[in-house]
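Scroll down for the structure; my scribbles are underneath it.
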């Protein structure tokens with residue numbers, strides 16, 4: 001033991017002596033260069049800064065940003081930087097799969113799940129499931145089989161096996177949610193079309209990764225070493241991986257809701273759990289070989305409605321901003337690195353393979369969409385029209401998911417350079433050509449766009465009434481449809497789930513707070529209309545009496561009122577005689593009633609913005625509507641003179657005022 005201590009002190013003495021000699025020989029230095037200590041983080045920060053500045057510049061260049069999506073412009077910036085680095089003989093950077101799947105992809109998928117309009121997704125769950133599962137399987141085998149058939153005639157410069165080309169066809173079938181959101185948010189398509197394309201793109205990625213991992217395992221094992229049991233296990237893994245990822249997401253969503261429920265005394269920790277637990281869901285699913293994309297997407301979708309009741313409004317807004325910031329930063333870096341990697345990566349250019357891949361991607365997606373929509377239209381009340389099917393076929397944009405998967409192909413697959421080149425070519429074609437031309441096509445085909453107004457209070461109420469009425473009709477008919485499922489879930493949610501996962505929630509058999517609030521507003525509106533009708537009848541009676549030359553009898557209470565009426569009373573009387581002012585008062589009292597009922601139903605402190613306008617909405621469809629309303633507001637501001645609601649010379653109806661108000665409750 002003593003000998004070991006002696007050796008340890010001897011090593012420490014030698015090390016200290018060496019450091020002392022270096023300090024003495026070099027002397028004291030005012031500045032020391034420590035680039036090796038910070039260069040990794042510094043390079044990442046510089047790339048993020050360049051990408052963010054480029055995005056600001058694009059928004060300032062209105063003629064260009066109007067027609068070109070930000071994703072295509074960021075790819076151009078990456079191409080330019082890659083060319084500069086190549087010409088100056090500097091080492092370029094590439095987007096490796098480890099960085100992409102562990103650091104850049106999780107914020108994007110969490111953002112997509114957290115801001116997913118859950119009601120619209122559930123109403124179209126059947127079509128989203130068909131497109132994302134069966135559509136992906138169809139594209140994978142159709143593209144792979146066609147390319148394999150062409151390879152039998154030696155049309156390509158590199159050879160590949162059956163499972164190797166299925167690996168490529170699986171990754172090239174991945175519709176990228178980043179590219180879809182970037183394009184479809186800007187063209188303001190209707191909710192029905194948006195949720196089907198966006199929902200397919202989100203869950204299609206999870207299915208794609210499952211197929212990719214399965215075929216990659218088959219390729220590494222070798223077709224000659226596979227048995228029937230291996231094929232059966234691989235097919236079973238498709239369902240196990242997908243459903244297991246969903247189960248992981250549900251577990252961590254419950255954990256996030258429960259932890260935020262008990263952070264009332266330490267509110268600063270609530271956002272920590274909101275971001276850490278979904279990321280842990282992603283890592284946990286990845287660790288046990290389940291679908292990490294489905295896990296974090298499901299976690300974000302389920303936890304949203306519960307954590308909002310456990311945190312303050314200020315914290316909820318902070319979560320929205322930070323989620324958007326992370327997702328936007330990741331998207332920006334990914335698209336720029338796609339352009340940069342084009343110059344840095346090793347390529348094998350095969351024109352026939354690229355053209356064949358692009359052709360099969362377009363034609364088989366169109367065939368799959370048409371066939372699936374034909375089958376779905378036979379069982380759906382809301383049909384897919386031909387123009388909807390065309391936009392869905394044309395909107396299958398490829399992006400970072402496909403590139404992240406292709407660069408993670410094992411080096412043992414000899415055709416990997418050809419696959420990388422073909423993937424980049426398909427991404428460029430879809431992002432540039434299809435992304436730029438989809439807006440003119442939407443305008444040319446007159447696709448129904450998102451309405452530039454929020455639903456009125458009456459529309460929201462009667463939509464809710466319709467849900468309960470249809471649930472009753474299904475119950476009477478003895479059929480269990482999705483309206484019955486909605487009612488049962490809402491009752492179970494209000495009675496069991498919310499009291500467990502949310503603070504200040506009592507066990508109720510029915511959650512009717514939104515209907516009560518809306519009914520109070522309808523009652524107020526009816527009272528205002530009744531007062532206006534009585535006022536008009538009295539005015540017409542007085543005019544008829546005056547026209548006949550008779551003097552209307554003055555009652556004693558009116559005489560006393562006229563004698564004691566002050567100038568302020570006369571001003572108020574003239575103000576109330578105007579129907580326009582009655583409308584404005586209704587709007588004022590309606591908003592006050594909403595605020596008071598909201599405070600009664602939500603005892604927690606709510607902090608609102610100064611201007612009352614959220615620039616980040618609760619889901620993507622609200623985001624699209626907000627942008628439309630904002631542009632409409634600016635157009636109306638430029639056309640109308642500045643007038644107050646009480647003194648403008650233009651008549652405003654109650655319906656117009658209601659149309660500009662925000663909806664009171666979520667249908």
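Cβ coordinates are placed from backbone N, Cα and C, and glycine is handled just like the others.
Sequence-distant contacts of the transmembrane segment (41-61), counting only residues of its own chain at least 6 positions beyond either end whose CB sits under 8 Å from a CB of the stretch, comprise 35, 68, 70, 73-74, 77, 81, 93, 329, 332-333, 336-337. Under the heading transmembrane segment, Swiss-Prot lists 41-61 (among others).
Taken from Swiss-Prot, the feature transmembrane segment covers 73-93 (among others).
Residues or ranges marked as transmembrane segment in Swiss-Prot (evidence: sequence analysis): 97-117 (among others).
When Cβ-Cβ distances below 8 Å are used as the criterion, the transmembrane segment (128-148) is approached by residues 121, 162, 165-166, 168-170, 172-174, 195-196, 199-200, 202-204, 206-208, 211, 353, 356-357, 360-361, 364-365, 367-369, 372, 375-376, 392 of the same chain, each at least six residues removed from its ends. Among the features that Swiss-Prot reports, transmembrane segment is placed at 128-148 (among others), with the record citing sequence analysis.
What Swiss-Prot records for 165-185 (among others) is transmembrane segment, and it gives sequence analysis as the kind of evidence. Below 8 angstroms of C-beta separation, residues 69-71, 108-109, 112, 136, 139-141, 143-144, 147-148, 151, 194, 197-198, 200-202, 204-205, 208-209, 211-212, 215-216, 218-219, 331, 334-335, 357, 361, 395-402, 405-406, 409, 413, 415, 419, 422-423, 426, 430-431, 435, 438, 620, 623-624, 627 of the same chain, each at least six residues beyond the ends of the transmembrane segment (165-185), sit close to that stretch.
What Swiss-Prot records for 192-212 (among others) is transmembrane segment. Below 8 angstroms of C-beta separation, residues 109, 112-113, 116-117, 120-121, 124, 127-129, 131-133, 135-137, 140, 166-167, 170-171, 173-177, 180-181, 184, 237-238, 241-242, 245, 291-294, 297, 382, 388, 391-392, 395, 401, 405, 447-448, 450, 620-621, 624 of the same chain, each at least six residues beyond the ends of the transmembrane segment (192-212), sit close to that stretch.
Among residues of the same chain six or more beyond the transmembrane segment (236-256), those with a C-beta under 8 A of the stretch's C-beta atoms are 206-207, 210-211, 213-214, 273-274, 277-278, 280-281, 284-285, 288-303, 306-307, 501. Under the heading transmembrane segment, Swiss-Prot lists 236-256 (among others), citing sequence analysis as support.
Counting only same-chain residues 6+ beyond the ends of the transmembrane segment (268-288), those with a CB under 8 A from a CB of the stretch are 101-102, 106, 109-110, 244-245, 248-249, 251-253, 255-256, 259-260, 294-296, 299-300, 303, 307, 310-311, 315, 318-319, 322-323. Taken from Swiss-Prot, the feature transmembrane segment applies to 268-288 (among others).
Under the heading N-linked glycosylation site, Swiss-Prot lists 310. Residues near residue 310 (N-linked glycosylation site) in space but far in sequence (CB under 8 A, at least 6 apart, same chain), listed by position: 257, 260, 261, 263, 264, 270, 501, 502, 503.
If you look up Swiss-Prot, you'll see 325-345 (among others) marked as transmembrane segment.
Per Swiss-Prot, the feature transmembrane segment maps to 351-371 (among others).
Summarising the annotation, Swiss-Prot assigns transmembrane segment to 390-410 (among others) and lists sequence analysis as the type of evidence.
Sequence annotations record features per position, and here Swiss-Prot assigns transmembrane segment to 418-438 (among others) based on sequence analysis.
As annotated by Swiss-Prot, region 'Disordered' applies to 637-667.
Here Swiss-Prot flags 644 as phosphothreonine, drawing on sequence analysis.
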Determine which residues of the chain contact the transmembrane segment (325-345) at the Cβ level, with the cut-off under 8 Å and only residues 6 or more beyond its ends counted.
47-48, 50-52, 54-55, 70-71, 74-83, 85-86, 92-95, 100, 103-105, 107-108, 110-112, 178, 182, 399-400, 403, 407, 420, 424, 427
Take the transmembrane segment (390-410) and find every residue of the same chain, 6 or more past its ends, with a Cβ under 8 Å from one of its Cβ atoms.
71, 94-97, 100-101, 104-105, 131, 167-168, 170-172, 174-180, 183-184, 189, 193, 196-197, 200, 205, 208-209, 212, 216, 219-220, 334-335, 338, 341, 345, 361-362, 365-366, 369-370, 373, 384, 416, 419-420, 423-424, 426-427, 430-431, 434-435, 438, 441-442, 445, 447
